[in-house]
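This is the structure, below, for whatever I ask next.
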Amino acid sequence: MENQHSSDTLAYLSGFGNHLSSEAIAGALPESQNSPLICPFGLYAEQISGTSFTAPRKLNQRSWLYRIKPSVTHEPFKPRVPCHGKLVSEFNNSNSRATPTQLRWRPVEFPQLQTDFIDGLFTVCGAGSSYLRHGYAIHMYAANKSMENSAFCNADGDFLVVPQEGKLWITTECGRLQVSPGEVVVLPQGFRFVVSLPDGPSRGYVAEIFGTHFQLPDLGPIGSNGLAGPRDFLVPTAWFEERTCSDFTIVQKFGGELFTAKQNFSPFNVVAWHGNYVPYKYDLARFCPYNTVLIDHGDPSINTVLTAPTDKPGVALLDFVIFPPRWLVAEHTFRPPYYHRNCMSEFMGLIYGGYEAKADGFLPGGASLHSCMTPHGPDTKTFEATVALGNEVGPRKITNTMAFMFESSLIPRVCQWALESRYLDDDYYQCWIGLRSHFTHEYGDEMNLQNEQNASGTNTEL
Ligand SMILES: [Fe+2]
């Protein structure tokens with residue numbers, strides 16, 4: 001597939017959640033109806049539904065694909081041999097563990113063996129169940145080889161892919177996307193796609209959500225602009241190949257297991273499509289961050305790019321939040337993130353640069369997990385250095401940084417292999433253990449006086 005992506009100037013359509021149309025051949029879209037008896041150029045009409053047929057109109061997502069042969073034209077699915085073994089879509093004590101401990105992983109090395117995106121993908125943690133349509137999985141990937149003569153299809157949920165190193169060229173049924181580190185791509189449930197690696201070794205992060213789709217967050221008092229702008233979300237344009245293959249394999253992830261089916265043609269045979277259920281990408285450099293302009297550190301929700309909601313207002317199944325370059329200007333304020341405990345669980349990654357709350361140890365390609373009510377915050381070095389700067393630090397710009405967070409109201413269980421990984425930083429807790437008391441009140445003297453009064457019965461208060 002690589003040479004089919006030789007241009008850096010792929011055309012995209014623009015706009016989040018739009019109802020879009022695209023034709024690789026003019027006239028390939030039927031006019032005024034979706035499923036005529038005979039479609040233009042003898043194409044088959046096929047709908048892909050991303051929500052139930054009866055979902056409210058504002059949430060309803062579906063697209064119509066006009067293709068040379070329908071996607072049903074394949075041999076029966078069979079369990080893939082070998083099975084994958086490190087993908088989880090239903091988290092329980094047979095495949096994952098509960099732990100409140102702060103966890104941090106060093107960046108994984110690239111594989112030595114030939115490994116494509118599918119085999120390089122492994123689940124780190126998650127909650128809930130793809131079968132029950134509620135939950136999420138957080139994966140990472142490290143690969144060094146393009147997928148060949150096969151396409152991946154995730155029946156379990158939507159993938160939000162965050163490349164950290166190495167460009168991805170992704171061919172989907174709606175067209176082709178080029179996704180570089182610093183960009184993210186959403187591959188919705190059910191679409192078939194191929195991941196090619198033009199730069200060779202690649203790695204990154206994937207959030208998978210079950211039973212819902214990403215939305216742009218409400219902006220509340222911010223107003224009608226800011227954060228991620230709808231027009232900066234880019235959707236591919238129709239592209240097709242009429243390619244007969246003796247042995248093309250569809251690899252379908254279904255309930256966390258992989259199944260394969262053979263067919264004798266490329267699935268990227270969609271000549272035209274229309275609808276609002278589509279893959280899309282977004283360049284994080286386009287994000288318009290908002291921040292405090294006088295005092296205190298704002299909650300990280302101010303930097304939400306995309307949110308996958310639950311039925312509870314304001315409670316996310318999964319928020320995708322970034323910490324991009326920005327000015328820090330707050331007066332007499334501890335500017336890094338505050339120490340805190342959170343009923344939400346926080347998985348963090350770093351795409352490039354450093355992160356403002358960790359002087360060292362949190363590296364590009366690495367990850368951390370602070371689960372529900374597990375305390376966390378700036379490491380000792382960051383705290384001491386920040387306080388040492390004093391109140392007259394003045395405006396300062398954080399540059400060369402792009403950290404992100406997947407934040408969820410569901411408490412993740414952590415996969416056994418992630419807990420036993422050689423990349424797990426066993427000394428993570430050490431980054432806070434040196435935080436010393438700065439308490440200056442002469443508390444000891446007062447307590448001694450009070451104890452003496454209690455002993456002599458002179459203190460009549462309760
Ligand atoms: Fe946090």
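Cβ coordinates come from backbone N, Cα and C, glycine included.
All annotation found in TrEMBL is predicted automatically rather than curated by experts.
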Of the candidates E346, E384, which one does TrEMBL list alongside Y355, H376 as binding homogentisate?
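Looking through E346, E384, the residue TrEMBL assigns to the homogentisate site is E346.
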On a count of neighbouring CB atoms within 10 A, which of the recorded positions H297, H340, H376 is highest?
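Of the recorded positions H297, H340, H376, the highest Cβ count within 10 Å belongs to H376.
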Among H297, E346, Y355, please name the recorded positions whose Cβ is nearer than 6 Å to ligand 1.
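Cβ < 6 Å from ligand 1, in sequence order: E346.
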Give the distance between the Cα atoms of Y355 (homogentisate binding site) and H376 (Fe cation binding site), rounded to the nearest whole Å.
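Between the alpha carbons of Y355 (homogentisate binding site) and H376 (Fe cation binding site) there are 14 Å.
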What other residues of this chain sit with their CB within 8 A of the center of the CB atoms of E346, Y355, H376, the recorded homogentisate site?
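After dropping the recorded site residues, what remains is P337, M348, A357, K358, S368, H370, G377, M405.
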Measure from the CA atom of E346 (homogentisate binding site) to the CA atom of H340 (Fe cation binding site) and give the result in Å, rounded to a whole number.
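Here the two Cα atoms lie 12 Å apart.
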What is the total of other Cβ atoms whose distance to the Cβ of Y355 (homogentisate binding site) is within 10 Å?
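Other Cβ atoms found within 10 Å: 25.
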